[in-house]
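Everything below concerns the one structure shown next.
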C-alpha cells in the first residue's frame, strides 16, 4: 500500500519553513498532496489560485508532490485522495497544543488517518506567513524567508496596494 500524505495549510504565502516540511515529507511518503485551504471567512493576501501557483512553482522539482485546494473537512479531503496520513509542521512547543486538538478531532472523524508531526528546521522556527507579510509590507528584506518567486509576488502585491 502506498503511503499518501496530505500537507494542509493556507500558505499565504508559502515560506521556506513550509517548503522545508514539504520537501522532507516528500522523502518519507510516496505521494504528498499540498492542500491549500480555501476558507472564505479569512481574508488572504493571495487568492487560492495564486497560492497554488506559487506552491507549484517552488515544488516543481518534487515529482511526488501535488498541489490542490480544498474546502470543508480535512479528513474528507484526505479520504478523497486515499491518504493514510496528515503531515503537519511544528515550529515550537506553542504550536503543539493547537495541533493536538485538531489531531484529536481528526481521529474522531476518521481513526484510519494518522497525523505525523515534523519539527521544522530550527532556522525557520520563528517563521510564519504573517511575519513575512508584515516585513514585506514595509519593504523589509525577506530573501532569507521565502523563495525568490514568492518575494517577487509579495513585492507586486504591496506595490499595487500602494498604487490603489
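In case you wondered, yes, glycine gets a Cβ from its N, Cα and C as well.
In the three-state DSSP scheme, residue 99 (ATP binding site) is classed as helix. Residues or ranges marked as ATP binding site by Swiss-Prot on the basis of sequence analysis: 10, 11, 18, 89, 90, 91, 99, 124, 125, 126, 127, 128, 129, 130.
There are 20 other CB atoms within 10 A of the CB of residue 88 (substrate binding site), with all protein chains counted. What Swiss-Prot records for 10, 42, 74, 88 is substrate binding site.
What Swiss-Prot lists as site 'Transition state stabilizer' is 18, and the listing cites sequence analysis. On its own chain, residue 18 (ATP binding site) has 9, 11, 89 as residues at least 6 apart in sequence with a Cβ closer than 8 Å to its own Cβ.
Note: the CA-CA distance between residue 99 (ATP binding site) and residue 88 (substrate binding site) rounds to 8 Å.
Between the candidate binding-site residues, 10, 129, the densest Cβ environment within 10 Å is the one around 129. The separation of residue 74 (substrate binding site) from residue 125 (ATP binding site), Cα to Cα, is 25 Å.
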